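Quick notes on the structure that follows.
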Amino acid sequence: MPSVHVDLSNRSYNVLVEPGLLAQAGKTLKKAGITNPRVAVISDETVAGFHSASLMDSLAAEGLQPTLHLVPSGEASKSMTHVEALCREMIRAGHDRKSLVVALGGGVVGDLAGFVASIFYRGIPFVQVPTTIVAQVDSSVGGKTGVNVGEGKNLLGAFHQPRLVIVDPDTLGTLPDREFHEGFAEAIKHAAIRDAGMLEELASLDPSGRGVPADLIARNIAIKARVVEADEHETRDIRALLNFGHTIGHGIEASVPYGRMLHGEAISLGIRAALLVSERHAGLSPADSAKVISLLEKFHLPLVLAPEISTETVMEKLSRDKKFSSGAIRFVVLEGLGSAKVIDTVTSGDLRQAIEHLRTL
Ligand SMILES: NC(=O)c1ccc[n+]([C@@H]2O[C@H](COP(=O)([O-])OP(=O)(O)OC[C@H]3O[C@@H](n4cnc5c(N)ncnc54)[C@H](O)[C@@H]3O)[C@@H](O)[C@H]2O)c1
Ligand SMILES: O=C(O)C(=O)C[C@@H](O)[C@H](O)[C@H](O)COP(=O)(O)O
Ligand SMILES: [Zn+2]
């Protein structure tokens with residue numbers, strides 16, 4: 001079974017990747033030495049319909065007492081309102097400091113449930129069971145948890161590492177096309193910043209199927225794990241590289257009601273904009289930009305910004321980017337494929353131009 005160890009001293013954990021693992025979740029927790037008697041499974045209504053029975057049965061089979069707590073599907077659930085509702089529901093269900101949270105779902109459920117775990121009774125452990133490409137290749141690893149507010153994406157949250165990540169690629173079989181494709185934006189991001197060779201592997205995948213090799217998922221997790229190990233709390237300009245495409249991408253995602261655009265779709269636009277900035281500020285060749293763009297196209301990801309989204313709104317939303325320091329813009333660029341860095345020479349005029357660039361193909 002491919003497995004990736006995330007080495008963070010006393011916060012270290014394993015990411016296990018294997019088809020069929022969901023139905024073995026109870027046993028897998030025990031084997032990992034996670035023995036909390038009470039388990040709060042947090043999921044969304046769609047994911048629960050497909051996959052919660054298998055998880056709940058596997059936990060009950062090990063003598064655990066799981067309770068299931070659901071939020072509506074989609075980005076709008078990543079809010080403080082849902083954090084409070086989930087915490088209160090867990091209290092009423094009898095959960096306490098000895099309980100474990102298990103997040104079953106995509107990045108929304110993972111970020112939300114992880115944040116709930118970080119504050120419930122001042123912090124309890126949690127385990128990620130990711131069910132989207134976004135969550136399997138990216139969000140379930142690294143410990144960034146949190147919620148959105150009207151002012152911008154992920155502006156409230158905490159670093160709280162999971163104790164274990166259980167990835168079952170078979171769960172991707174129930175994803176609709178749109179949700180399947182969006183996830184590849186994050187894998188393309190990983191290739192662009194750290195692993196140019198993976199661009200070829202992504203190019204050889206069939207975007208109309210649902211089969212994603214466990215090794216490809218593990219390769220993405222390993223890229224992310226090595227970055228997180230080097231800069232867990234994003235204080236050294238290393239973890240910020242994982243934010244390639246996210247400055248303008250998050251600005252766009254927050255410019256429409258949450259959920260209208262999927263995260264990966266917004267990041268696809270953000271990557272295209274960041275490639276232009278990289279050509280102008282870091283010497284990226286247009287041929288290398290074109291390779292990344294053709295991969296985004298292959299996975300049917302958007303490259304053109306809808307006319308109703310104004311450049312000024314995107315500029316206002318991105319002004320709260322967490323990488324900025326005292327308002328000064330800090331932007332992730334590619335110098336070449338597989339090599340990224342943070343620069344501080346990008347102006348707000350450059351960002352406006354890059355957003356305008358998204359209006360035509
Ligand atoms: N913490 C991090 O490091 C990190 C990294 C990347 C993204 N994120 C966050 O993740 C979120 C996006 O995650 P997402 O794209 O997974 O969105 P999501 O969790 O909303 O999932 C997308 C949709 O797919 C459905 N779904 C999920 N799994 C399914 C399955 N197996 N079968 C059928 N339907 C399924 C969900 O119900 C939802 O409607 C954003 O909020 C983003 O900010 C966080
Ligand atoms: O884990 C990270 O670090 C990332 O930047 C991964 C991103 O894909 C993810 O969208 C993350 O939530 C963005 O972080 P933020 O700090 O910009 O909210
Ligand atoms: Zn992201």
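The chain as shown is numbered from 1 upward.
Placement of Cβ uses the backbone N, Cα and C atoms for every residue, glycine included.
Summarising the annotation, TrEMBL assigns NAD(+) binding site to 73-78, 107-111, 131-132, LYS144, LYS153, 171-174. Annotation source TrEMBL lists Zn(2+) binding site at GLU186, HIS246, HIS263. What TrEMBL lists as domain '3-dehydroquinate synthase N-terminal' is 70-181. Annotation source TrEMBL lists domain '3-dehydroquinate synthase C-terminal' at 183-323. Under the heading transmembrane segment, TrEMBL lists 100-121.
Shown on the structure are the features that TrEMBL records.
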| residue | record | Cβ neighbours (10 Å) |
| --- | --- | --- |
| SER73 | NAD(+) binding site | 20 |
| ALA76 | NAD(+) binding site | 16 |
| GLY107 | NAD(+) binding site | 26 |
| GLY110 | NAD(+) binding site | 30 |
| THR132 | NAD(+) binding site | 28 |
| THR171 | NAD(+) binding site | 24 |
| THR174 | NAD(+) binding site | 15 |
| GLU186 | Zn(2+) binding site | 27 |
| HIS246 | Zn(2+) binding site | 26 |
| HIS263 | Zn(2+) binding site | 27 |
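A Cβ distance below 6 Å to any atom of ligand 1 is met, among the binding-site residues ALA76, THR132, THR171, THR174, HIS246, by THR132, THR171, THR174. For HIS246 (Zn(2+) binding site), the nearest neighbour among the listed binding-site residues (SER73, ALA76, THR171, THR174), judged by C-alpha distance, is ALA76. Within 8 Å of the centroid defined by the CB atoms of GLU186, HIS246, HIS263, the record's Zn(2+) site, lie the Cβ atoms of VAL134, ASP138, ALA185, LYS189, GLY245, GLY249, GLY264, ALA266, ILE267, GLY270, excluding the listed residues themselves. Checking the binding-site residues GLY107, THR132, THR174, HIS246 against ligand 2, the ones whose Cβ sits under 6 Å from it are HIS246.
Ranking the binding-site residues SER73, GLY107, THR174 by Cα distance from HIS263 (Zn(2+) binding site) puts GLY107 first. Helix, strand and coil residue tallies for the domain '3-dehydroquinate synthase N-terminal' (70-181), in that order: 50 helix, 31 strand, 31 coil [DSSP]. Of the candidate binding-site residues, ALA76, GLY107, THR171, THR174, the one lying closest to GLU186 (Zn(2+) binding site) when CA atoms are compared is GLY107.
Looking at the domain '3-dehydroquinate synthase C-terminal' (183-323) alone, the prediction's average pLDDT is 97.
The helix, strand and coil residue counts that DSSP assigns across the domain '3-dehydroquinate synthase C-terminal' (183-323) are 89 helix, 0 strand, 52 coil.
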